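Peer 1: Below: one structure in structure tokens.
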Amino acid sequence: MARLFFTLYIGMIGAIFALFFTIDLVAKRMAYDLEARDVEQTLGGYIELFQEIHVLAGSDAMFAAMQRTAKINNQLLSEVTDIKLLESKSIRNLPKPGIFHESLDPNDDEVIYFRLNVNDKVYQITPDQSAEIWRVAEMLSLAFLGGFFLITALALGIWIYLLHNKLKKLERSAIRIADGDFSARAPTTFKHRVGGLNRAFNLMAERVEQLIASHKRLTNAVAHELRTPIFRLRCQLELLEHGIDVAEHNRFVNGMDEDLTELDQMVDELLSYARMERSGGDVLVLKSHELNQWLLERHEGLERNCRKSLMLKTAKPVVIEYDERLILRALTNLIRNADKFAQQRIELSINQQAGFAVICVEDDGVGIPEADRERVFEPFERVDNARTRESGGHGLGLSIVREIVAQHEGYIQISESSLGGARIEVYLPLMLPQP
């Protein structure tokens, strides 16, 4: 923090001085003519007075009056005797009377040169550095400068200290997460907040906690799902080691083939789900489609894989942008899920609601209890009773559907169907008209 303090302090002081220097430079350029004119007018009045004194009282009285006037104004008046200055073009061209307001010597402060019409002398006026007013002004200037440095350092130090405390709290939360406490959160009260950093940190921590918990659940579920077919394979292999007839041998071999097929399907679904869950998922290949026509063209293929009747209800044309491959995968999973639990028929329909195209899949099965409608989208989750493991599948179908719909910035709702079973609605945003 000390390094940050000195870096900010030096940078701030440099920036402020650069600003002051620029303002002073611009102000001098803009206001110099006005200031010079004011000085010349004031001094011009004095010159007229001095010349009148010379006429009335002589040169000694005039010079004495000039000295008193300069002293009153905390200035020094003297005659220019430097040959080099007297031979300069500015002095030689100085009229009688005339005023020249500029320093001709780089080592001097600002000097005012003037000439009277009563003699050939050139006089100069400079600030009297020994005067009390200039000493006070210098002291005030030094005090102001010192106070400025001190107050700036104090204000910056307090700000750095408060920022350091806020960042330390964030650091402690980060260390707790690194140590495995994924419930750690950064404080979000005003005195502990660092802009939007605390909120962003907590969102990240929440996401990490959810991912870790999800991966733990997924690991446990995968281990549980793999145990059953592996156990069956081991049992059938042990039975094959004993002498059995051909019919039993073939039955066990077929069973092993089915178990291997189940394992292969499970691995394929796991890979699909992992790809969908990954941040960003697949790269969407979005194209504009009229949804009714697109489903009509694929109705026969979808129905071919169903054991129950699949009815398609079309509506007025609905144009949306979506990834054809992924939406077909989601629709296939929904229909396959409905086919497992339907009694006789499945209905697929399309409609529009509040800026969304709605794809609805309904069945006449036993439905999904309201308490389980969110849980069924979790990996390897199944509903008890009618929707059991014997129905087939691995509990990943609806999880994959949810990920696909989320990639399309849509959402899913489950409700009770008028057919008696489950009604799953997929909401996809309508394609906005091009300007």
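Each residue, glycine too, has its Cβ placed from N, Cα and C.
Keep in mind that what you see is a predicted model, and the values were worked out from it rather than measured.
From TrEMBL, for reference:
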type	residues	note
TRANSMEM	6-27	transmembrane segment
TRANSMEM	139-162	transmembrane segment
DOMAIN	167-213	domain 'HAMP'
DOMAIN	221-432	domain 'Histidine kinase'
Peer 1: Would you mind listing the long-range same-chain contacts of the transmembrane segment (139-162), meaning Cβ under 8 Å and 6+ residues beyond its ends?
Peer 2: 1, 4-5, 8-9, 12-13, 16
Peer 1: Go through the chain and flag residues at least 6 beyond the ends of the transmembrane segment (6-27) whose CB is under 8 A from any CB in it; none is fine as an answer.
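Peer 2: Long-range Cβ neighbours of the transmembrane segment (6-27): 149, 152-153, 156, 160.
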Peer 1: Looking at the domain 'Histidine kinase' (221-432) alone, can you tell me the average pLDDT?
Peer 2: 79
Peer 1: In the domain 'HAMP' (167-213), how many residues does DSSP put in helix, strand and coil?
Peer 2: 32 helix, 0 strand, 15 coil
